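Worksheet: one structure, shown below.
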Amino acid sequence: MSLLLEPSHKQIKEEKLYQQMGLSDEEFALIESIIGRLPNYTETGIFSVMWSEHCSYKNSKPVLSKFPTKGEHVLQGPGEGAGIVDIGDNQAVVFKIESHNHPSAIEPYQGAATGVGGIIRDVFSMGARPIAVLNSLRFGELTSPRVKYLFEEVVAGIAGYGNCIGIPTVGGEVHFDQSYEGNPLVNAMCVGLINHEDIKKGQAKGVGNTVMYVGAKTGRDGIHGATFASEEFSDESEEKRSAVQVGDPFMEKLLLEACLEVIKNDALVGIQDMGAAGLTSSSAEMASKAGSGIEMNLDLIPQRETGMSAYEMMLSESQERMLLVIEKGREQEIIDIFEKYDLEAVSVGHVTDDKMLRLLHQGEVVCELPVDALAEEAPVYHKPSSEPAYYREFLETKVEAPAITDAAQTLKQLLQQPTIASKEWVYDQYDYMVRTNTVVAPGSDAGVLRIRGTKKALAMTTDCNARYLYLDPEVGGKIAVAEAARNIVCSGARPLAVTDNLNFGNPEKPEIFWQIEKSADGISEACRTLSTPVIGGNVSLYNESNGTAIYPTPVIGMVGLVEDTAHITTKSFQQAGDVIFVIGETKEEFAGSELQKMTEGRIYGKAPEIDLDVELARQEALLAAIQNGLVQSAHDVSEGGLGVALAESTFGTDGLGADIQIDLDSEASLFSETQSRFVVTVKPEHREAFAAAVKDAKEVGTVTNDGVFTVKNQEGQQWIHAAVNELERAWKGAIPCLLKSEA
């Protein structure tokens, strides 16, 4: 839209055009009062994206303030591109998770691909080299053609971008549930490594210093992407394909290498990715954080389309772009580095001392706004919150153990449920070995990468069981953090910190805001108990389709430190004769379980209980046993319960089986989802030492070499007798089989 066609100040107000950009009447009146005049079209657009939920967290700030964000090893908490945690030896790990839900529902390949690209830029803009990508994906039931299409395209988009840029995708999770039918979730996490002296911040310091634009040219793609991500899906959403950006991983690879070289040059003052809200957010946020202002001449912005207006340039979310602040007079040093990588680097403005964002276009001042008003002074809403009617009903509903006539058949069916089934079809499309640092590939409890030149390694995971959160968001929030930590510990690592992605429905509905509040309470309590501070994250609200919300899905990304690569542990049984232990007692808890969903087609009842002090004690005892060389394998018990965890531990073991005798109330208890449990194997000579070290561990059987999975009760009655290769075939074949089948 050219300047000549843009609505006047008066039209914007009288025709309430600001509402189309996502601003309310009250917000527009507040803008008028802050700047002392009516904003023009460009300024209205700038305020609308900066004050969107996606950029300002205006609905979620009161909830986010509950999270513990400080810790002994935290070098950078929330507020920058990514969080940073010290791991010793002058090194730190940098990580962050972000959502690209709305774009992925409309244009799944590009939506997922650019989600990966954006989170990688967040990490390298801190000065870190990205070493791994993970993801957390949610889709509807894998029986409808639409869901199959979204699933295949999202995975292809993640693979296409990650593989081209040369960063391994080492882990993640994929869940399928009716609640995501119209609104899939695509959360991407990136982990990077950095030396302390290389840490950079997104700040525009030093009056007179040069503001430099680097990377791809600006086009019209992604305009109002941040606003689009702050509203519910409707039939009109399909028309917003232009709000989905297009990614170029080869450009990103060049940008990554060039930026990491530039970061070593002391001419660089500040650097930030142009992510949500593009040029607008990067310039306003960098200036606001530094207590300065920025003036830019938009005629100098590299453009790939003709006749772009100031509004379009400032709101574009074209990918692979960075904004830098360079020491005045040293611009050529930086330009030379980017030219070496065949990248455009252009001086487009300078830092000022008046705390204003001033934009010139075609000889006119087209924007003059206070940066703090944009970046810090969005209204904060304390939304009404009310407990949904179903919650009390669930608390008071007794869930009986499902009647099971054939436990072997039930186990096989559970292994074929898409949420439990092997995700090999997914991760086989990812290059998870590129750069050759991957020690534990996708498919175990966590991805593990060694840190070259040291004995250390990093374990990483994403976790969330949204069914528990639907039943009880506070308990479910605790479980999400605890399960992530369990996965880290099972890999031989000490949990360090959390990055969270809060995916919820429309916060303007009191029962949805209640879910957000309660889950944050649960997450906060678990993070405090387990000493895993929240160092950053993302909020994605308005995940609704035709008025129906997704299950509350606060995904927990967690990273842990393996002190010695000799401690790295996987879920797979290692050798015949090893003794199998289960840590933790099993209760009859079926609400929200995979078994309940499979047998009854719905979930209801009281969520499984969790005692965080017990959880911590078991995790610490298991980690100490691993570090003391007592453990052969370790696997957390999650979806599908003990039966599934034990069976999974036999898969991929080249002929091993298991002979289990266990004291449980019923066959159904094999599939109960009681929390804080682990399946562990130890060598026979370590049996007594392990039992003494881990108080809640009970011996339940032996690893065999006959390739048979056998489970008996205490009386010796056989519940399951099945060939491991048959179970594994069912588990591995489930997703490919569903994708091929006609709905």
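Note: Cβ is positioned from N, Cα and C throughout, glycine not excepted.
The feature active site is assigned by Swiss-Prot to His54. Residue density at His54 (active site): 28 other Cβ atoms are found within 10 A of its Cβ, drawing on all protein chains shown.
Other Cβ atoms within 10 Å of the Cβ of His100 (active site, proton acceptor), summed over all protein chains shown, number 32. DSSP assigns His100 (active site, proton acceptor) to coil in the three-state reduction, outside any helix or strand. The active site, proton acceptor annotation in Swiss-Prot covers His100 and is backed by sequence analysis.
Non-local neighbourhood of Lys96 (ATP binding site): Gly81, Ala82, Gly83, Ile119, Asp122, Val123, Met189, Cys190, Thr499, Gly536, Gly537, Asn538, Gly557, each in the same chain, at least six residues away, with C-beta under 8 Å from its C-beta. Residues annotated as ATP binding site in Swiss-Prot: Tyr57, Lys96, Asp500, Gly537.
The feature Mg(2+) 1 binding site is assigned by Swiss-Prot to Glu98, Asn538. Within 10 Å of the C-beta of Asn538 (Mg(2+) 1 binding site) there are 24 other C-beta atoms, taking all protein chains into account.
The feature substrate binding site is assigned by Swiss-Prot to Ser99, His100, Asn101, His102, Arg121, Gln245, Glu317, Ser318, Gln319, Ser540, with sequence analysis given as support. Just so you know, the Cβ of Arg121 (substrate binding site) picks up 27 other Cβ atoms within 10 Å once every protein chain is counted.
Swiss-Prot lists Asp122, Asp273 with the feature Mg(2+) 2 binding site. Of all Cβ atoms in the shown protein chains, 29 besides its own fall within 10 Å of the Cβ of Asp273 (Mg(2+) 2 binding site).
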For ATP: widest Cα to Cα gap among Tyr57, Lys96, Asp500, Gly537 in Å: 16
How many Å separate the two farthest-apart Cα atoms among the substrate-binding residues Ser99, His100, Asn101, His102, Arg121, Gln245, Glu317, Ser318, Gln319, Ser540? 20
Using the Cβ center of Tyr57, Lys96, Asp500, Gly537 as the ATP site position, which other residues in that chain lie within 8 Å, going by their Cβ? Leu64, Pro78, Ile97, Glu98, Thr499, Asn501, Leu502, Val534, Gly536, Asn538, Val539
Out of Asn101, Gln319, which of these binding-site residues shows the lowest number of other CB atoms within 10 Å of its CB? Asn101
Asp273 (Mg(2+) 2 binding site) versus recorded positions His54, Asn101, Arg121, Gln319 - nearest by Cα: Arg121
Asp273 (Mg(2+) 2 binding site) falls, by three-state DSSP, under strand
